[in-house]
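These features come from Swiss-Prot:
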type	residues	note
BINDING	48, 53, 56, 78	[2Fe-2S] cluster binding site
COMPBIAS	548-566	compositional bias 'Polar residues'
DOMAIN	9-96	domain '2Fe-2S ferredoxin-type'
DOMAIN	244-422	domain 'FAD-binding PCMH-type'
REGION	544-577	region 'Disordered'
């Protein structure tokens, strides 16, 4: 290699204390890929590949032999490259605790606080918490905590998981588990857990009852032998080392800037084949579409990691991590501290720990990355030092950003930030607007302002002497300074006319490029931030009494309440920094014990340790191949040819599986909903939607398959094809619909025309729209197909429909059903997305494995999954409604179009669900025309509460429209039109059940008519009167949800040692199915035991779903699978009890194990299979609930903070209150995402473009209600239901519309404040989702200008 580089040596790392040499590893290998393919570790998961979800978080430890110090930090293993980790130690969730060595306190507490459902996110969650604990405990300046606690504060505990995504739990129990370690927490405030019984007089919260925590030192993250090896290698290096160290194949580690440049001069590579890396976090934003041959690791160049402080300021080396920069700047002056505060909201902690300051700025300069850091440092007057070859120069950051994009030879050495000291004349503020307050989201706009000013003695306002105004992320190539505005402001005394003119000038400066999303909103944000800044320098602007104009650094939802507000209203605090509080109320029953007990979810500790096995955790069989979809990007076109952009990609491809590879006698079928229709597996011969599967690339590794699929070049032709139908409007124009079978069609009620004739008031052609929602299960679609003898095949699939998957795969291959075996142990989140859509992956794997006669595995990358998934149905509704002057509704008619996509899937089922949820109110007469539109987009499918979520919201939109028209309180309209039992029976028929079970009126009155609600509503009104730029709203929403009971099988087998194996048709997808089934098994067999069966729970194992073992398994969905599975198991147990009773009676009261031994000796059959079917007269029932939500809207930015949500849900006699509580909270938060911030966007061809964690934002810990209260009530007994229980999985999602309704009330208050904001101040259409841009638009994009104009006019 020449004198510039040594011979390559293998990368040496330790994983959980075990030493590994990475020999023959591709240089582009990530740590996650290495862990999952070269070690036994399976805890870290691939959730996104972007550093945006936290599923892959590990702890990395580095040893400084000179200082004899170990530093450790959390990191995203999906982004961290293995080649950069030579002589590092890696600790995963298995490494801190496991089933053999004992679980760690973090793992046990996550389990005990019921904080793990599907469990796919839990190992990463575990490591984020562990890392935060270890970091706090290492801080010597903090006081020692009481025994059992850590040095972590409760606020830090919450933020520890702010970058980790969870789609199941709603975060509240995770936050409680985190806070249980904090010394400043009140344990009584923590939620339901397995360690003490809340509210019990004899069971007080006590740290001694929690799993013991003794500090981070209990886990050795860096083994001594590796320290010795490092010291030894240093000794060898001192004896004469080559200029540049080399590890692996193609990794170079220069130690100086000179060595870096000599590498380029040595002709070892060309610039196009080399990648410069320090942390590689940028690849989460800009995914490499090809692999690089060479990598230069600049993180070991000492000069680039130096930090120099002086009286002039601080110079930060380019490879200093963001977290280190925050630490350094936090210890400086006022400007430095505000910069640090802003930086703390950039990315998650596990990205901040590795991402570098220089890397962020380089991305802004080269790739137009919307950097917060560049904007803030630009405003602070920063300079950068760069070096090209032998030439080093220091230029302003502004100059650097304006230069042509840097090439690979240009090295950013450092960034210098001047020290502005403690001059009272200096004001520095920074702002950002993003969907997540704590930062795990790119800004819509970021800005930073620095002014030198003096106070004018006569007016009290500031005279601006000099000013810097920086704006970024608004749609320009890079952050800019608003020079024209700066020049205008210099020498001006800040006043309303001056601010108004500055704002007008700014609108000509901040100009988003064509194609930028929400351009008007971004300009309005920039105006709002300049207004906030300048208002802080002004005096005498007319404000309401007690008003507070929000200003300050990083105002993500900054809220200042009225001074007269009560503490419960959180007055005078920043609402984004409020601690999350909660309350849970429920009734526990011993009647059917252990059924009804809030026991921990089965397998939760295994999930936390990473030992729970998902499909992609199954070890790859010998000769396994890997697949990735090539999908169409055109909605309607002939596929002419498939090629690959690079020769490397084509070299890695073994074959491409297409429709021609389906076996003779097989069908091109990817999914099939019984009696409704099929969907093709492969394009043949015409692509019918963007995202359709053209073929499957097969390669030797999953990475090569991904790479080749991304490099695929498709030749299209649209000759002789009609233009695509993409929208509901297109479908209506072309009369393109799917039929709804008569047996699925909902039934109208009454005479609408007669009802309208009786109305005092009418609304004609009201309209509302609802967009789609992506499932965002943490585990993407995955399958492993293993061919077997005699044309048989076994597939491990993450599926909610194993039986239908088996049938479809068999049809696709042209073989009998019994030749196909589908095995599903657990699913990493489903929500309906692992129903029909999972079948495509299974069938594609099966075709490939069948043809190649080798195992084939597929694990979809997040982008492909999002593009192909389909998601929730978009809908457009027009309605006409008549009502009396007192608010009583006489009749409703609505026309609804839903976008079903290219195939029926489950779409024809949705009309009855839409109408079912909408019928929660007595509409008098109800008629409708529902069209299921056939379009050239991916098929929409069932997503949690399909149709019901939309139908319930449509009802609320109509009711709010009525209330607005009559100028009355919306709750009065709601209450007046709730059913009595007679009308309920008319609208719902047999589902209404008995009068005693109708609890909705009681629930609604409990909330909406309570004195507390009236007081809170008055306080909201008081707050709004005293605050111009913050408005609050409060709303109470009732729900009704009709669920269906389905036949379900169950099998119970008692082993000779007394252990019990149980099989059910349902699949464990995180909903607690296994836990409830175990409880039911113990209860049903309990009459054979002295303790009533409680001792049997630990003897029960529920085993994986297997279609050859458990036929007629049905499907997991519709919220009732758990209860019907329990009933099937109870039926099986009843037969076993009858057989065992004679043995028990003959032997007296033998212990369980002895009883089974005697039965076995007597040849008693110890297994029983049952197939439970519901009573034909009771196949469905209604679920009821209500929720009050209170929100605060920032009129200037559109940001919404959910201050409080109170949920009351009728759970019947809960089979497991802890599981049901988790379902209620998780569904509610998923609903918050649907109604407020999950923006599902497509391009002009219908291709999904919000296709990753960077652009699609599900709720996070910082976006859930600050006060989150849930009460589960037990309604009247109904023994027609399973032990009087009720469903909990889907209905509570509908309650989240209360947040949307509260937002509407807050916006209405803003529109009253600024009358005439684009129309009537009271009546307006607010579609779903109500994202920040939508909220701001409804509040008024020009409220600042209109306010200033009105103020100036008064003056």
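Quick reminder: no glycine exception, Cβ is built from N, Cα and C everywhere.
Sitting within 8 Å of the Cβ centre of 48, 53, 56, 78, and not among those site residues for [2Fe-2S] cluster, are the Cβ atoms of 32, 45, 46, 47, 49, 50, 51, 52, 54, 55, 76, 79, 124, 1253. Restricting the average to the domain 'FAD-binding PCMH-type' (244-422) gives a pLDDT of 92. The Cβ neighbour count for residue 48 ([2Fe-2S] cluster binding site), using a 10 Å radius over every protein chain in view, is 26. Around residue 56 ([2Fe-2S] cluster binding site), the C-beta neighbours below 8 angstroms that are at least 6 residues distant in the chain are 32, 44, 45, 46, 47, 76, 77, 78, 124. Looking at 53, 78, the binding-site residues in this record, the fewest other C-beta atoms within 10 angstroms of the C-beta turn up around 78.
Residue counts for the domain '2Fe-2S ferredoxin-type' (9-96) by DSSP state, with H, G and I taken as helix and E and B as strand, are 15 helix, 33 strand, 40 coil.
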